[in-house]
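S.K.: Dropping a structure here in structure tokens format, bear with me for questions.
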């Protein structure tokens, strides 16, 4: 037998859990309703899965050291849904990461689930929430801001979240079916890129409705603003510049405060978040003259076609300037085509605690190298055409949500909890870190891993870029480069520099096309496995199409005894162990919920 089965172990639960029915007296802090609605995006009606009727959904505000309850209703006919708290996986209660078939069962149609989240000191920053089922993320997302419990690390006068999204005219189901079909059908590029739901493709006076107008960012003169760029795009990496406002300072990346880093433009990929400080012009400069409005230009990068749009930075002046009659004939901002050098080896964490905890190369116990490329699971590549079923694979092995669902897979975390089933560590060492039986990567508490993603161009010879995202605790981002990873050479960067903790960084491409099956490009992470980050976590490409096609991995940190010791004993968790169990409420049945954190029990 290739799995280890451990006998049920005693649990110490009472100290950190209460088992309660969430009846009519329970009042969640936020309510999200997932529905299938016809909404206008890019001035076209689209049947879309949304939260609370809009895309993006409402902004959620959390605070460090406070527990927040968020109730999610699934009112989508015949569809599951989950919500993933992107960048805050480690702060969600057990069975609440939002990853179906990994950390929890999805929420069935007609039911609801109460998510419990508690950020800690050091988590203040920019995040977002989104569905983690199929292609739903393309419209089912919203901003999530964690506020500082203490005085913020940087001073600013205003705080402006800006969510970036992709717009596809085709509906989710059509796109997903094409990606999984035989023969495979690619989704194509998005029809538009949106900021705060606006595509910026039409002028204020020509647009049939506001959804294709530029989004307007209102500012006051002589102030400093924190611009939080949050990318919920399905596919697009964007470059963005603000006319006549090139002096930006990065102060945060993926929820981690950074030492200030000067830059003249924004670059953000699916799943990434950056905060930039921008000082506005004086009142004399803008309100005393004839120009108080400035174009914001954004363009996609590293894709076959450039998708672009505009937003507008508008100053508040006593003399109100009318909105521009038309979009610029030529862009007033020139954006670089170079992507792979953006802030590489430039972002150092502000947290002295995290900087001191950075493991050196001499502490690394194991390096796991994962080569990413396309494979054909049926058919063949003939005359430049992928004629068959296409998957994205890690070391030759795809992980597809639909395949696992068809196999009626029980979520990994629940398998561990109920049966003590964990990946076989010895077998994994024989297969480049991967256990082929459980289809998971195991790691032991005490290990320090270097995880190296390699970009291979597969049978077509074409490279893509991949924004790689880690669930659970963030990783020290070791940088990236062309060719393959050389640990000794790369470690030289860290003699007087400590990389910041991140959860989403790019595996870049360094050429468009080359000799097939060639590896050129790497991204490396470092993580220490401790008692704090034990659990079952995903690491995957945050391009939604690639994840649907199999570019995902599951990691199990810790052994069964350690993982199960993190959970309360039955009956506290009984309702989480089956699909639609008693932890999932209905119109007629109130849920029985494990209140995991102790500072707030409604």
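The backbone N, Cα and C atoms fix where each Cβ goes, and this holds for glycine too.
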S.K.: Can you tell which of 486, 496 Swiss-Prot marks as N-linked glycosylation site?
M.R.: 486
S.K.: Can you tell me how far the Cα of residue 482 (N-linked glycosylation site) sits from the Cα of residue 201 (N-linked glycosylation site), in Å?
M.R.: 35
S.K.: Under a three-state reduction of DSSP output, how is residue 419 (N-linked glycosylation site) classified: helix, strand, or coil?
M.R.: helix
S.K.: In the three-state scheme derived from DSSP, which category covers residue 482 (N-linked glycosylation site)?
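M.R.: Assignment for residue 482 (N-linked glycosylation site) reads coil.
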S.K.: Under 8 Å Cβ-Cβ from residue 201 (N-linked glycosylation site), six or more apart in the same chain: what's there?
M.R.: 42, 43, 192, 212, 309
S.K.: Show me the subset of 84, 337, 419 whose Cα is within 10 Å of residue 130 (Cu cation 2 binding site); these are the recorded positions I mean.
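M.R.: For residue 130 (Cu cation 2 binding site), the recorded positions whose Cα atoms are within 10 Å come to 84.
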S.K.: When the Cα-Cα distance from residue 469 (Cu cation 4 binding site) is computed for each of the recorded positions 52, 84, 387, which gives the smallest value?
M.R.: 84
S.K.: Cα of residue 84 (Cu cation 1 binding site) to Cα of residue 424 (N-linked glycosylation site): how many Å, rounded?
M.R.: 28
S.K.: To the nearest Å, how far is the Cα of residue 247 (N-linked glycosylation site) from the Cα of residue 337 (N-linked glycosylation site)?
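M.R.: About 19 Å separate the Cα atoms of these two residues.
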